[in-house]
């Protein structure tokens, strides 16, 4: 099993593993990957059986878009067996929602209780432009199917100045009307960055909150879900809104998560290039304490924090790898 507890060199307990099952996606969101992205050869991607061998207690499945991975239903069924046997405590999914309608019922039957769905706009034309060819009605259908199957849905919206800053109220209203939690996320300097784009689009979440407060009364609720979000309750609706602010409110000192790419690289920080390659040991069938030693050694090297930053005229700490590679 994954060793528990895990502690890095700065005394932070690491309790949360995000596992990317694929770098492939049926969309090309401009802040996530290049339009002409080259995907990994399939023989470099960990098999689902190799991922199963990790033996984690809490697992968030990400991508790319995890639901485009061939055989993903079988993987979730295996994870469901672990849940029922008490070998896994929690199984969740982050998705763009386009394939969710076809999978929602089976995900619920496997023991998934909640899903995070990326939704940066409610406008079909803008959605197609942001994703480069996506159809927003597929996402709406996926959310409806997930809720019909009994899954709790949280919406993740990237705050993009000049792109969706005119929809903050609309997104909040839509989330409330459809009984979804909503989390706003600051734009990070990752992947392909056309000249000036990230500087122009970066919108500090303090400004987003201030904008929301011109219409809503937001109450800090002190909720701690073990992640980086700061939560408020909207007094008028009772809904929950989260703010993930890796730049304006750096949360590195309490970071408790690591990411495993579909290639087997363990990244202990989104904003640093250092990683540990677990693919050789997973492919060799290493399990138990031997695997735990490899993971402990990797987590001991977790850096103090990221180097992201936006200046008046420059972007600092850019990570060349895209989010589809690292795992969203």
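Note: Cβ is positioned from N, Cα and C throughout, glycine not excepted.
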252, 255 show up in Swiss-Prot as binding [4Fe-4S] cluster 2; which entry in 262, 269 does that record put in the same site?
269
Given Swiss-Prot annotates 60, 94, 154, 257, 258, 259 as GTP-binding, which of 18, 24, 217, 296 belongs to that site as well?
18
On the 0 to 100 pLDDT scale, where does the domain 'Radical SAM core' (9-229) sit on average?
89
Candidate binding-site residues 32, 154, 259, pick with smallest Cα gap to residue 64 (S-adenosyl-L-methionine binding site):
32
Among 31, 64, 118, 188, listed as contacts of S-adenosyl-L-methionine, what is the widest Cα spread in Å, to the nearest whole number?
17
Looking at the binding-site residues 18, 154, 188, 258, which has the shortest Cα distance to residue 29 ([4Fe-4S] cluster 1 binding site)?
188
With DSSP assignments reduced to helix, strand and coil, which class does residue 31 (S-adenosyl-L-methionine binding site) get?
coil
Could you give the Cα-Cα distance between residue 255 ([4Fe-4S] cluster 2 binding site) and residue 118 (S-adenosyl-L-methionine binding site), in whole Å?
22
Nearest to residue 257 (GTP binding site) by Cα distance: which of the binding-site residues 25, 31, 32, 188 is it?
188
